[in-house]
């Protein structure tokens with residue numbers, strides 16, 4: 001039976017609950033325990049799949065096709081444990097499930113209420129898989145006091161009450177602000193946050209204090225006294241240069257020991273943190289630097305491409321090189337020469353995205369990389385842009401484009417070399433889609449197998465002829481243009497097992513030019529960099545040595 005750790009936040013949002021949860025999971029793993037991490041989000045969207053990246057950041061996709069919060073990416077990167085659909089839930093999903101049950105008559109005519117029906121649905125979610133691991137770490141989104149979060153706080157209060165004593169603990173993350181006028185760290189916001197938490201029946205066992213300044217011993221003692229928490233369980237959470245320092249930093253502060261003490265686990269197994277020491281060594285002792293241009297649409301918010309930024313960092317670790325990723329808005333050169341914007345970069349990456357805005361700039365970026373022999377990695381839409389560029393400028397399909405950008409019914413602006421995907425094979429059955437389907441959850445989602453051409457660059461990078469990668473798309477390159485494009489040098493080196501869906505394209509007569517329909521960044525880890533990103537950065541290093 002799993003022990004449960006509930007991670008909550010107070011004072012302000014975006015303090016780093018997800019990273020704290022991931023770091024704690026990594027520390028418990030380092031002591032020999034098995035873990036699983038979960039995220040409970042109070043928003044009413046069923047999932048983040050239809051939310052704007054500017055609202056929510058990136059959507060992290062699991063192997064089994066769930067569209068989830070980006071925090072699940074942190075969980076996977078820090079622990080190596082693949083997330084599942086059952087590791088993410090929102091108020092929207094909970095209420096949807098409850099209302100479906102009501103319509104079916106499952107509640108036998110009873111009046112449906114937040115308590116007990118909604119809270120019971122949340123508790124049922126928490127119980128899934130509780131026999132599989134030693135620790136279940138559950139992060140509650142938002143902050144204590146948010147009205148939309150109240151059913152979740154009530155549910156975890158009940159859940160802990162239902163479990164045997166010592167089976168559940170609560171970790172609360174708050175802000176310790178520094179007031180420059182008085183030269184002091186202020187503890188009052190933390191005291192009020194804990195007071196709010198206790199008012200709904202939850203007493204924190206461990207406090208994490210986010211601070212940009214060293215926390216004096218007297219302030220820790222004060223917080224311990226007023227918040228009724230052991231002094232040893234008042235843990236500093238300082239600002240760090242890199243998120244990958246978090247496991248070592250939290251261990252130095254005693255977080256993992258405080259959690260084990262709260263559970264009464266003694267003596268605790270000693271941690272083996274060698275791989276995190278190696279990660280930090282590779283980051284801090286990089287032997288060079290490469291500049292990578294990320295030509296995208298959502299460049300104002302780095303969280304929109306969070307996994308890509310982290311995967312590039314991992315690729316740098318694999319090559320003991322610092323990767324300086326620079327975000328460039330593709331709209332800047334939709335109608336002009338991209339050279340002034342892209343000169344001086346050692347590699348170019350065009351990530352996934354939706355909609356027509358900025359696509360001509362991405363196509364120009366792919367052309368620049370192809371003609372200037374600059375390493376190019378196109379992901380999802382980035383692969384489609386590379387194919388459209390090759391179709392226009394090499395295969396002489398001058399009006400090549402995507403069905404995604406032909407908005408007017410009956411009026412075609414482009415010859416669609418990229419089309420709306422209407423059916424594909426998933427497991428042993430065929431999935432069918434129509435243009436007028438709902439937007440949410442209707443894409444080709446999750447892990448799919450691809451067959452690689454023996455002797456191709458990608459087969460050499462993967463050291464395999466069959467791979468499995470995660471997808472999130474509803475448009476696909478039209479395989480009918482394969483012969484024309486391959487005749488111009490753009491090879492289709494990865495295909496779906498049935499040979500119908502192009503998964504990877506590459507240019508042989510180029511230092512490094514690869515487009516992939518899937519999202520390799522979602523499977524990269526600091527201690528296991530994704531092979532595509534590792535080799536992409538290696539190619540950038542080669543270019544940097546020629547400059």
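In case you wondered, yes, glycine gets a Cβ from its N, Cα and C as well.
Keep in mind that this is a model prediction, so the values were computed, not measured.
Among 69, 71, 87, 106, the residue that Swiss-Prot places alongside 14, 15, 16, 17, 18, 19 at the ATP binding site is 71. Binding of UTP is annotated in Swiss-Prot for 13, 186, 187, 188, 189, 190, 191; the matching candidate from 222, 231, 241 at the same site is 222. When the candidates 353, 358, 499 are compared with the L-glutamine site entry in Swiss-Prot, which names 381, 382, 383, 384, 404, 474, the shared residue is 353.
The C-beta environment of residue 353 (L-glutamine binding site), restricted to residues of the same chain at least 6 apart in sequence and closer than 8 Å, consists of 296, 297, 298, 380, 381.
Note: residue 186 (UTP binding site) has non-local neighbours 176, 177, 178, 179, i.e. same-chain residues 6+ apart with C-beta under 8 A of its own C-beta. In this structure, the binding-site residues under consideration are 16, 382, and the one with the smallest number of other Cβ atoms within 10 Å of its Cβ is 16. The Cβ of residue 187 (UTP binding site) has 19 other Cβ atoms within 10 Å, all protein chains considered.
Annotated ATP site 14, 15, 16, 17, 18, 19, 71; additional same-chain residues within 8 Å of its Cβ mean position, judged by their own Cβ, are 9, 20, 21, 74, 139, 173.
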